[in-house]
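Annotated disulfide bond per Swiss-Prot: Cys24-Cys65, Cys58-Cys98, Cys155-Cys206, in sequence order, evidence recorded as similarity to another entry. Summarising the annotation, Swiss-Prot assigns active site to Cys27, His161, Asn181 and lists sequence analysis as the type of evidence. The N-linked glycosylation site annotation in Swiss-Prot covers Asn95, Asn156.
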Amino acid sequence: DVLPDSIDWREKGAVVPVKNQGGCGSCWAFDAIAAVEGINQIVTGDLISLSEQQLVDCSTRNHGCEGGWPYRAFQYIINNGGINSEEHYPYTGTNGTCDTKENAHVVSIDSYRNVPSNDEKSLQKAVANQPVSVTMDAAGRDFQLYRNGIFTGSCNISANHYRTVGGRETENDKDYWTVKNSWGKNWGESGYIRVERNIAESSGKCGIAISPSYPIKEXXX
């Protein structure tokens, strides 16, 4: 397969502005929602900010502010028939009761797929088509204090933070992933981090290639 030399889904209008999860451990919801916002824009042309809070409150196979998994968020959206907009089910940053009155199916997806583990080439193929959910180790000081540039600092390969890969490019012969975080716009490069790509470890930098997944949305005939 011929892959584009670089891709940045922000430039293609498939990424809403960076959000902030606050003190709630809901990165899994922000990660899943960013991927759904992306594929919805790619398929329909509409960029709609969707509700992380609905996932926190209603995705019972996840644990709200105590953590969760993007693939289970995708399962919830599929089983629920869709997800509401952020406007109508806004983020509070706390565990709430599922508000069934605010269950408008603003955006739906058809299924989801896991990218083969520990294979940056497969992740590259997936990101060529849409933003992809990944897990990374964000517990380290280097990561938390990241300001700018291509991140080459120390980190483990444990899965403790989810975020969304929105592109891949090369600068001065260094390959990197463009990763959207959910710690607000003041962190990193306006809320993003560039992470070195094609490294020796198959798990990728900070474990980025361990368990990527993405939602699937068919174009309505």
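Heads up, the Cβ atoms here are built off N, Cα and C, so glycines get one too.
Structure coloured by features recorded in Swiss-Prot.
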| residue | record | DSSP (3 states) |
| --- | --- | --- |
| Cys24 | disulfide bond | coil |
| Cys58 | disulfide bond | helix |
| Cys65 | disulfide bond | helix |
| Asn95 | N-linked glycosylation site | coil |
| Cys155 | disulfide bond | coil |
| His161 | active site | strand |
| Asn181 | active site | coil |
Of the active-site residues Cys27, His161, Asn181, the one whose Cα sits nearest to the Cα of Cys98 (disulfide bond) is Cys27
Quick note, Asn181 (active site): same-chain residues at least 6 apart with CB under 8 Å of its CB -> Val18, Arg163, Trp187, Gly188, Gly191, Tyr192, Ile193
Among the recorded positions listed as Cys58, Cys65, Asn95, the Cα nearest the Cα of Cys155 (disulfide bond) belongs to Cys65
CA pair Cys65 (disulfide bond) / Asn95 (N-linked glycosylation site), Å rounded to integer, equals 6
Per the 10 Å Cα distance test against Asn95 (N-linked glycosylation site), the recorded positions Cys24, Cys27, Asn156, His161, Cys206 reduce to Cys24
Here the Cα-Cα span from Cys27 (active site) to Cys58 (disulfide bond), rounded to a whole number of angstrom, reaches 15
One finds that other Cβ atoms within 10 Å of the Cβ of Cys155 (disulfide bond) number exactly 20
Of the recorded positions Cys24, Asn156, His161, Cys206, the one whose Cα sits nearest to the Cα of Cys58 (disulfide bond) is Cys24
